[in-house]
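Accompanying notes for the structure given below.
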Amino acid sequence: MSLSGNASQSSLSAPPPPLLFNSSTSPHSLPWEKERAGQESLQEWPGNDTELLSDLSVLGHDELCHMSPVLTACLVVWYSITMVLGLVGNIGLICIIARRREKANVTSIFICNLSFSDIVVCVFCLPFTVIYTLMDHWVFGSLLCRLVPFIQCVSVTVSVLSLVFIALERHQLIINPSGWKPSVPQAYVVVVVIWILACFTSSPFLAFQLLTNEPYANVILPQSPLHHQASPQAYVTCVEHWPSHQHRVAYTTWLLLFQYCGPLLLVLLCYVRVFVRLRHRKDMLDRARTTENQRMTHSRRINIMLVALITAFALCWLPLTIFNVVSDWNQEALPICHHNLLFSLCHLLAMSSTCINPIIYGFLNSNFRQEVREVLLHCRCYPLEEECERFPMSTVHLEVSRTSVPPHCKNNSV
């Protein structure tokens, strides 16, 4: 399963509920059919038939299992708001970083890459997931059945790796300020490598996604505007079909480690070392009372902002990660009746991270707030001195040069 989640898959990146970083695809992944002739159906499917059937979800249970119109409307509104805010916020963030007068720096490049991956999530994850979850069947065709979870998993992987490289860059700048520092050209190369690695990691979705109408063959569909115009055989679901259960669990575990646990542990280690070093230097500067104190305060503010981005990502994706892991490792532990509702709530929280990143960046970066005011007012206003960031985000320790200060801000640091 994948971070973008599906309810019936085992990876982290598909439409309805699967593993944490699973975007595999459908909100359907629980066996629920009414006393069906199981053995006959199993013989009709190539490969691991039992595994395929275990991926098919709760499509037509008792009417009590279906979301009320009010709850459905709330989910649609919440998804819509999240998508609009995510698109507007991240597009605005990229545009404002691009128009800055200071030179591009490594951190800004990775933040733009993170925002672009969030835009991809808003376009290729939210619309398909909400429609699939609400309709209980796949209406987008075989090609999109494979592409949607693949793209979703790619975007999630890019987001995670961008956060990791931001943390590694800060760690290098602060722990070893006189050593090697990544350059802007090197940052662009890393971005390309991130996307290639993300595509490679997500490639199983292209091979193991398929459409099938099998789960609708022996059920009575609920009386709903979404189901009354066609026979059950006309409906199909998009599911992961692995050669064996072991293959599915292995890939789920790999994504869990590669997309969530591993990156977050590495980032945590980097920032713990950074904050320990900054605290030690602050104590030294307090005793010396040098002008470097102001620089350390600025560096601390930048690190707080970046840690806030990491924390928001981890907390937003945690519920969906747990849901997807449980769905693949022990699906029977999930409630059959409210499976789709539970997935939708976890998925919405994960998707809200696309809105939170621009908000955190805006609140904790005064340059960004000033640029927003200038864009909104259509003028080049001279900011108040105390509202100016005096150093670019990739600057950390060495003495400050006047070229590090935006030309419209007074430099009082010397």
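Glycine residues also receive a Cβ, built from the backbone N, Cα and C atoms like all the rest.
According to TrEMBL:
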type: COMPBIAS; residues: 1-13; note: compositional bias 'Low complexity'
type: DOMAIN; residues: 89-361; note: domain 'G-protein coupled receptors family 1 profile'
type: REGION; residues: 1-33; note: region 'Disordered'
type: TRANSMEM; residues: 76-98; note: transmembrane segment
type: TRANSMEM; residues: 110-135; note: transmembrane segment
type: TRANSMEM; residues: 147-168; note: transmembrane segment
type: TRANSMEM; residues: 188-211; note: transmembrane segment
type: TRANSMEM; residues: 254-276; note: transmembrane segment
type: TRANSMEM; residues: 302-322; note: transmembrane segment
type: TRANSMEM; residues: 342-364; note: transmembrane segment
Long-range neighbours of the transmembrane segment (188-211), counting only residues six or more past its ends (CB under 8 A):
2, 11, 13-14, 23-25, 109-110, 113, 138, 142, 145-147, 149-151, 153-155, 157-158, 161-162, 165, 182, 236-242, 251, 255, 258-259
Sort out the residues at least 6 away from either end of the transmembrane segment (110-135), same chain, that have Cβ-Cβ distances under 8 Å to it, and list them.
4-7, 15-16, 23, 25-27, 72, 75-76, 79, 82-83, 86-87, 90-91, 93-94, 97-98, 144, 148, 151-152, 154-156, 158-159, 162-163, 165-166, 169, 187, 190-191, 194, 226, 238, 309, 340, 343-344, 347, 351, 353-354, 357-358, 361
What is the average pLDDT across the domain 'G-protein coupled receptors family 1 profile' (89-361)?
81
